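Engineer: Below, the features straight out of TrEMBL:
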DOMAIN    90-282  domain 'ABC transmembrane type-1'
TRANSMEM  52-69  transmembrane segment
TRANSMEM  105-124  transmembrane segment
TRANSMEM  136-156  transmembrane segment
TRANSMEM  163-184  transmembrane segment
TRANSMEM  204-225  transmembrane segment
TRANSMEM  264-283  transmembrane segment
Amino acid sequence: MQTETLSMPAATDISNRAPVYSTPVAFERIGVVEKPLSIAERLYEQAWLRKLVILVVLALVWEGGARWLDNPLLLPTFSDTVQALWSGLASGTLFARIGTSMQTLLAGYALGLALSCALVVLGISNRLGQDFLETLTAMFNPLPAIALLPIALVWFGLGNGSLIFVIVHSVVWAVSLNTHAGFLSVSNTLRMVGRNYGLSGMGYLTKILIPAAFPSILTGLKIGWAFAWRTLIASELVFGVSSGQGGLGWYIYENKNQLQIPEVFAGLLTVIIIGLLVENLVFRTLEARTVKRWGMQN
């Protein structure tokens, strides 16, 4: 019987084959790995500078439009408004009016936040509390705070009590609605993580629920502040003299009656400046130290 012998193919000799990827490439041919930003690009990356440019452009448009209209009773120039603003600050009148308004605003805002916390705790505690909170917010959130001025005057008279009442109404429903929605949006995964770590009570609330819901809470705080600020100014325009002196809204109304239009616009500009300062110094700082640091917002 003849036996066939299977022979393996000869191994290929690769010792003399040229390596495919062994050719060195000069660094200059690879290209720039990291390109430094130009001065213009670095400036553009600064958010505060972009916003400052927008404000400057708006001021220039205001100045040009007022000069083209040439009617100071309708629209004073930006330069005249700034001059009136400086005069009011130098005389101390604007500082006194701002102080009066801010005292009333902070009192109403703090009371509104306290009531919001109580309502939200009730809303997240059980189903009946949730129904109660949702019913109240559906009823009163669409109701303008300024519409309650007649009732406030009857109940509290012409004074700070009426102003605080309408401010509380403008704050409590917006803050409660956003805060409650934030707690409801906390995922079951996070809730289970907290339970697995044995958290309960205040530990579960402060370490799981509040951090997860804080973006919505912060939004509610911003909206509540904006509602409170504009409600206060509108209320002071109607019956602003309280406790012997008026606030910033009354300053605007008083100068309107005297046809001092640059002072009227100076008061309006003060309202805008205070709003910008609170937004950028208070809420931006709070945002940077919480939700941005926690990686919940870019």
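Sequential numbering from 1, following the chain as shown.
Just so you know, glycine gets a Cβ as well, placed from its N, Cα and C.
TrEMBL annotations: computationally assigned, not manually curated.
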Engineer: Give residue numbers and ranges for long-range contacts of the transmembrane segment (204-225): same chain, 6 or more residues beyond its ends, CB-CB under 8 A.
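Structural biologist: Hits for the transmembrane segment (204-225): 109, 112-113, 116, 124, 170-172, 174-179, 181-183, 185-187, 190-191, 193-195, 278-279, 283, 286-287, 290-291, 294, 296-297.
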Engineer: Could you check whether the transmembrane segment (163-184) and the transmembrane segment (105-124) come into contact, where contact means at least 3 Cβ pairs under 8 Å with the two residues of each pair 6 or more apart in sequence?
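Structural biologist: The transmembrane segment (105-124) and the transmembrane segment (163-184): touching, yes.
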Engineer: Please indicate, using numbers and ranges, the residues of the same chain that are 6 or more beyond the transmembrane segment (136-156) and have a C-beta under 8 Å from a C-beta there.
Structural biologist: 119, 162-163, 165-167, 169-170, 173-174, 176-177, 180, 227, 231, 234-235, 238-239
Engineer: By Cβ distance under 8 Å, which residues at least 6 away from the ends of the transmembrane segment (52-69) in the same chain are close to it?
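Structural biologist: For the transmembrane segment (52-69), the list is 75-79.
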